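As recorded in TrEMBL:
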type	residues	note
DISULFID	Cys247-Cys268	disulfide bond
DISULFID	Cys356-Cys377	disulfide bond
DOMAIN	84-199	domain 'Ig-like'
DOMAIN	201-306	domain 'Link'
DOMAIN	311-403	domain 'Link'
Amino acid sequence: QTPGLRCRLQGPAQSFPGVRGSTVPAHWDPLAGGRTSRMVCARAALGPGALWAAAWGVLLLTAAAEAQRGRKKVVHVLEGESGSVVVQTAPGQVVSHRGGTIVLPCRYHYEAAAHGHDGVRLKWTKVVDPLAFADVFVALGPQHRAFGSYRGRAELQGDGPGDASLVLRNVTLQDYGRYECEVTNELEDDTGMVKLDLEGVVFPYHPRGGRYKLTFTEAQRACAEQDGILASAEQLHAAWRDGLDWCNAGWLRDGSVQYPVSQPREPCGGLGGAGSAGAGGGASGGVRNYGYRHNAEERYDAFCFTSNLPGRVFFLKPLRPLPFSGAARACAARGAAVAKVGQLFAAWKLQLLDRCTAGWLADGSARYPIVNPRPRCGGSRPGVRSLGFPDAARRLFGVYCYRAPGAPDPAPGGWGWGWAGGGGWAGGARDPAAWTPLRV
């Protein structure tokens, strides 16, 4: 008997006007003379004690549901008692770097042992917007297919029945984000979420035109040109925890505009209280947040993210300083190209490049990386120092070059010949008079 539910056995012709209840057919009962009867049930009034008990029961069920949320979701199909599909993915996130290989873990359990796994469809998608997904990989029995930029890089791990884990090779910056593992068997399906994070560095950027010149689309393009992508809010917050302090607002990949302040000051959102909203905001600093902005009309700087370099950044110091026009030719003489801003930041953060000498970069800026702060090297904190965008004709700097992996070095001993300014190509031929000895 269910508590709070009162029932009476009545003949089929009887009714109860004004009583709200439910009717259920009774089984054949020889004690009732073989008649078909109906059981009429109605809810009894609940006293205060029962109401409190019911309320606590609802709270406990809600708490249990919340505890399960984010770990696994079970979808049951009761009709036919066919069992259920249960998908389990890794809690938290998995971490890799550009060029690496990573496994996005996902396992499923199909309770209907009588049916094989050949009819189970496995599908991986990437979350590109809150309600938008991009296909990554799909498998149905022996048929497998990868999509878009994942072709040739994605495959199933195949570690026994129930393993839907995806192996992703040669990880790129664009692979960063959240992935959904979906397992479907006829009418049943379940999904799990995996977040792929990348080791790397966040750096602020604005072009030669000055600060607050970029729309959202232009910020995306600017980061890509400097070997990066727009940083996420999570990446910017992690960079702030590592000490990033920048008093200019910039676009993030979700369309919001924020900036990190490690040392609170009046021109940068104040010393606390109003104006310091955002993650960690307050007198101790934080990430100031302008919210989501109109991405086609409003203009800000950009916060870019880059990861590990497959090649090497090095400083090329000629016997005579170079104008910007000679930088590319000097690097080319060493089998390299002028380094991009993101490549210099990655070399500083991940390869510990330390050089107290400014050099040209591909965007026309002059910068230098400092791992170990020291006098006359730009302050007391590590970082990449910037001298802005000097006049391209000025002969004040060397150049930072980037050599891709496998590219030959024409002068492996450290010395080589290159165009250090003046002359260069003459009538389509190399002009020996324009060549100058260079040293790394």
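The backbone N, Cα and C atoms fix where each Cβ goes, glycine too.
Counted over every protein chain shown, other Cβ atoms within 10 Å are most numerous around Cys268 among the disulfide-bonded residues Cys268, Cys377. Shown for the domain 'Link' (201-306): DSSP residue counts in helix, strand and coil, namely 22 helix, 32 strand, 52 coil. Long-range Cβ contacts of Cys247 (disulfide bond) within its own chain (separation 6+, distance under 8 Å): Tyr259, Val261, Arg265, Pro267, Cys268.
For the domain 'Ig-like' (84-199), the predicted model reports an average pLDDT of 88. For Cys356 (disulfide bond), the count of additional Cβ atoms within 10 Å of its Cβ stands at 15 [all protein chains shown]. As a summary of secondary structure, the domain 'Ig-like' (84-199) carries 6 helix, 67 strand, 43 coil according to DSSP.
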